[in-house]
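Summarising the annotation, Swiss-Prot assigns region 'Domain I, interacts with DnaA modulators' to 1-73 and lists sequence analysis as the type of evidence. For 73-104, the entry in Swiss-Prot reads region 'Domain II', with the evidence type sequence analysis. For 105-326, the entry in Swiss-Prot reads region 'Domain III, AAA+ region', with the evidence type sequence analysis. According to Swiss-Prot, the feature ATP binding site maps to Gly149, Gly151, Lys152, Thr153, an assignment based on sequence analysis. Per Swiss-Prot, the feature region 'Domain IV, binds dsDNA' maps to 327-450.
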Amino acid sequence: MNTKELWIEVKEILSRDESVSPEIYNYYISDTNLYTVSDNNCLITTKSEIAIGVFEAGLNEKIKNILKKLTGIQYNISFELEKNINKQASVISKIDTLTENNNLAYYENYTFENFVRGDSNHEAMQAALAVALDLGKKWNPLFIYGDSGLGKTHLLHAIENKVNEIYKTNNRVKYLKADEFGKIAMDILNQGHEIIEAFKTSYDIYDCLLIDDIQLLAKRNKTNELFFHIFNSYIEKNKQIVITSDKYPDDLGGFEARIISRFSYGLSIGLDSPDFETALKILEQKLKHQNNLGLFSEESLEFIALNFNSDVRKLEGAIKRLLFLAVMNKKPNEIITLADVEKAFKNAPLQNNEKITPKKIKQIVADSYNITIKAMMSKSRVSNVMQARQLAMYFCRTLLDEPFTRIGTEFGGKDHTTVMNSVKKVEAHISTNKEFKHLVNAIRRKIEGR
């Protein structure tokens, strides 16, 4: 039984109810409609405010009982004037028109199953999956940050696709690029008060709102005011919001402090550049999907994974260049070798051209902490100097895989135990302090030349 059929049945029962006079039925019930049914909530539209008063005064419980008898579900009932719904529908239509390209079949492949997991993105993927499986109950809002090309948009659409799969509908989730939201908001702000108010509630029909690249709304105060209203409404109603950005919330400029505070209210989690193993898996998956995996030697893929792993788009760009050159210069099905790859990129700025050394690590860490290498190499127990020294030792261990004794020698004759304890302290701090983890990842990218 669909919504229309259900409401016809409800009205039929009310028309036969002796406690409902013909006048009440004809004046207030006959022209009502059941507008939406979502979870345990029903929204009924009427043509007059008097009708809403009549329903709330004497018919609310009666309708609940009829609905429960017909469906077995105990519904909460709310009422709205039909004219307000029509305004809201007009706004929703405008939103759908401006964002219709966001729902192309292209994004159907952006699923959790197709998301290549690694140390750089595992936590973000797990958090995104958790909110998709239990909207509004786990982390709200979920704020995913990271540089362009690391998989933020993929995760948003993976949430969308998972929710659609669970609920067998495409109407519970709304994906919006932040700049598109800005365009819609600017158009709405140039219209009357009633349209603005309708816009504020137009997203109430969704249970999950996905906003991509929120940094694009920076310094747009009036637009941010509208977004803040919608954001707060979602949080208060336990509806899920997921936001992506190229920066950690506290590093975003152009937003009021209260908005930044709200962004940080739930869970903020970062995406880092893929490590070598993850980059290699991404390459293999994409080439397999294109039926091109057999065209590349293992060594050629390893070269690409090592030198173009700052983000997924650079990996894809390298592959496209090689496939183009293969079409132009090689026989059909001839393997692309390491020599081919090195020749193709002989003039390209490769990430690993500059060798990482203990000296380079010390300099970049010292610069990041605004101290000198001399201070780092001293016996100073000042907090930031100690942390910089420990972090430099940590990078020598994790990026160069140097023995503890050799690292100790690099740092003025520190013994094996001191170095090992320093590395453990950094690892423990990373696991318990997300801001420190954010700093460590930023310094690592500088060291690796990304």
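Note that the numbers count up from 1, one per residue, in the order the chain is shown.
Each residue, glycine too, has its Cβ placed from N, Cα and C.
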Which of Gly149, Gly151 (the binding-site residues) has the most other Cβ atoms within 10 Å? Gly151
Relative to the Cβ of Thr153 (ATP binding site), which residues of the same chain, six or more apart in sequence, are found under 8 Å away? Tyr110, Asp212, Thr244
List, in sequence order, the residues of the same chain other than Gly149, Gly151, Lys152, Thr153 whose Cβ lies within 8 Å of the centroid of the Cβ atoms of the recorded ATP site. Gly146, Ser148, Leu150, His154, Leu155, Thr244, Leu271, Val312
Looking at the region 'Domain IV, binds dsDNA' (327-450) alone, can you tell me the average pLDDT? 85
Can you count the other CB atoms that lie within 10 A of the CB of Lys152 (ATP binding site)? 23
Would you list the DSSP helix, strand and coil counts for the residues of the region 'Domain I, interacts with DnaA modulators' (1-73)? 45 helix, 12 strand, 16 coil
